[in-house]
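**Student:** Structure incoming, see below.
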């Protein structure tokens, strides 16, 4: 190798180290091979092990040599027939020279590991050069003073370990201190270099990992990043001054810390009420304010202690490796690019698994090879820059973990205060959000002509994020009264506003920027509070684990649970409601019994020998027997309890049956009346559901719909409960956007069961007597006031709410807004008093009466029509009878005339023997009956004929028996002068005359 080539190559490598450290590995491949270098392998474990050292001074080199010499006599760490030798070189300020020295003096001598410190003036460039060179050959490197975050990158420093922790591990101590002092909101100030960003990342990661479910988890309110070697910090202080937190965590170099402390003092941000917690470098600024707390690594400058611990860690790893596997010899040639020392890689893994107690404390490593379990002193800056130790962060061997011990009484806080500052500036004007939820918050929109709300209301505008407009509303209710009293009691002012989207809020899982883990983003009221756009939520906000993870809750101002609201199942009143007391079978039997008893009564009265008797001896008329129609009338009259005026049984046997039937009717009527009252008056409907465990809810049928409000606390509850998963999957599709819509659908009958907070549903049930809550409460929780994580108002609000409970103020709000005492009493009175029968209950009876009336009218119409038919028939019969009578009269007349003529002939025959024809008798007869000689046919026998007149004339006066009829005072002489009477009929001589002409009727 030509000597003149070294300076140029070294300068080139040095420049490459500044920009791309990985290039050094490539440069090593271009170096000429060292003379005599050969690749050596062995199947057995070596008996001698060379340990290299790149140290900063001769004192460290001597101590390194002494430590290895003593190690060879420590049988606890060194097996028999194993010897350790030291090979040391001096750390050079030039990292290129350091690289060549490592190759020429350490790798040439087959070192199995290298212990490296750093030179104060050159920083960590030379240790980095050692790490690059050794790492290329898989030779483990143990740093004893390098604390830069860059050494934690195993992609570059593949085999680097260190017995000192990196600077960014101080974030773990910060979190322990914040937990001890109960500070939950901080401002982080850090430089923009690798270490500054590393400490911020470590703080956030550790906070989420170890304090995620703890109420005291620290939240970063503001992150201030600055460029190193700054000249002024004033611009950042303006933003810090407007924040709430007064706890500052600062990572900065000593020079940058001086500038920050200088400017912070000018803005009065280092005095009373402020808390500064800084890292080691900032603690050594010459203007560090009094009261600042800082950290100091134990044994930070004890190279001897770290040298000893590193040597013994290495010996412990080699001892375990010897017992488990074969160790190949270390590489010897830097010029051989094909070297792949697998034993070195295995040795590095053994080193990372070490956990021993050394001079610097408990020595162990994480996956990056960084020291863990390192101890720190908590330093408090006093007057004249005196550093006073007030606590320790040390390893607890009993619990096998780190523990923080701080003596609070020894701390002097900024402003020379002995009392711990609150760590936060408590704002006195808060932005409060609420949401419409009766009866807790009633919302009314202001009219165009209104300029202010009513005395019991408060303005609560609704901000529209889309067009940045605000609609004016007025709010009142349970929560508004609570907010008013809270503000008076703990002395704060507020601006009240409604939820922008009208929702309580639920989380949405999002994957931002390709992150592996999903992040929860909240909407509604929760989103406003989590994103610090609001200070407080005063609404019926249910306390649950999902929300408590992201916001603070006060103690519950009202305890409640989850219940089910449904409409009372009113019994349907049909037209035949009056028939409900008896079953159909019983009604049929009663109807059959009426007619059977009527038939038996008729038969008994008909065939009884005593069924016909006279009511009185003075009455000559015999009473008629009971006919079938009267028997039916009697049976119905007794059953319906109506008076029986006629048609009663007459026989003793029938009357006995009648009394039995009357008793039967009394029992039937009394039973019907009692059951009718039970059905129509006293019956109160039961709830259809027994509670959340009702089988119809767990295995929801098609005709049973239940729902809740999507994204609400009740929705979250069902998500958590595995046993309700089937029910949740069914109801998820039916969930509503707001509770008002669901309650309205329950009233209309569209929704059968609404699952919601018990307070709201009890209010609705007390307001509307047709609604009822079903079953017992489940999922018990409470309503709390929501605040930001770490809010200074949390304790004050909680204590005030407890005082309200004790003083009865919360009970007063319950009576005023939730229970509505008078309305609830009316519902209870309605429950206890009988129902008032209405038309829908008795409609069937009225319809029955209407049917009876219509039936009666129909029957009378039929009767009238039938009667008219009978009258017409009777008239025809009378006409026929009249005609027959006339016909018969005519015939009789003829018979009479024939008889008279026959008698006259006989008479004349008798007279011819003594008198001549034409005697006086014949003359008289002709004179009296001038028409006797005329022939009259039947056609002349109709009304109007002279014969009709003759029929209706008065009969002759008869004389005594045996005498002839007399002519009324006429003498034979007068007969000749008298006008003949044409309407006079001859006397009825025929005894066979009768009015029966039935044989003539056609």
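Here the Cβ of each residue, glycine as well, is placed from N, Cα and C on the backbone.
These came from TrEMBL, pasted as-is:
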BINDING   540, 542, 547, 713, 757  L-glutamate binding site
TRANSMEM  586-604  transmembrane segment
TRANSMEM  656-682  transmembrane segment
SITE      689  site 'Crucial to convey clamshell closure to channel opening'
TRANSMEM  842-866  transmembrane segment
REGION    976-1002  region 'Disordered'
COMPBIAS  992-1002  compositional bias 'Polar residues'
**Student:** In the same chain, outside 540, 542, 547, 713, 757, whose C-beta lies within 8 angstroms of the Cβ mean position for the L-glutamate site?
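**Tutor:** Going along the sequence, the neighbours appear as 504, 541, 543, 544, 712, 714, 781, 783.
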**Student:** Using Cα coordinates, what distance in whole Å links residue 713 (L-glutamate binding site) and residue 689 (site 'Crucial to convey clamshell closure to channel opening')?
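**Tutor:** Each residue's Cα considered, residue 713 (L-glutamate binding site) and residue 689 (site 'Crucial to convey clamshell closure to channel opening') end up 22 Å apart.
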**Student:** Measuring CB to CB from residue 757 (L-glutamate binding site), give everything in the same chain under 8 Å that is also at least six residues away in sequence.
**Tutor:** 540, 542, 560, 561, 562, 563, 713, 714
**Student:** Rounded to a whole angstrom, what is the C-alpha distance between residue 689 (site 'Crucial to convey clamshell closure to channel opening') and residue 547 (L-glutamate binding site)?
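**Tutor:** So the Cα of residue 547 (L-glutamate binding site) lies 31 Å away from that of residue 689 (site 'Crucial to convey clamshell closure to channel opening').
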**Student:** Would you mind pulling the longest C-alpha to C-alpha span across 540, 542, 547, 713, 757, which the record has binding L-glutamate, in angstrom?
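**Tutor:** Taking every pair among 540, 542, 547, 713, 757, the longest Cα gap is 16 Å.
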**Student:** What's the number of neighbouring CB atoms sitting within 10 A of the CB on residue 542 (L-glutamate binding site)?
**Tutor:** 23
**Student:** Non-local Cβ contacts of residue 547 (L-glutamate binding site) (under 8 Å, 6 or more apart, same chain)?
**Tutor:** 526, 541, 553, 713, 786
**Student:** Let's check the environment of residue 540 (L-glutamate binding site): how many other CB atoms sit within 10 Å of its CB?
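**Tutor:** Residue 540 (L-glutamate binding site) is surrounded by 26 other Cβ atoms within 10 Å.
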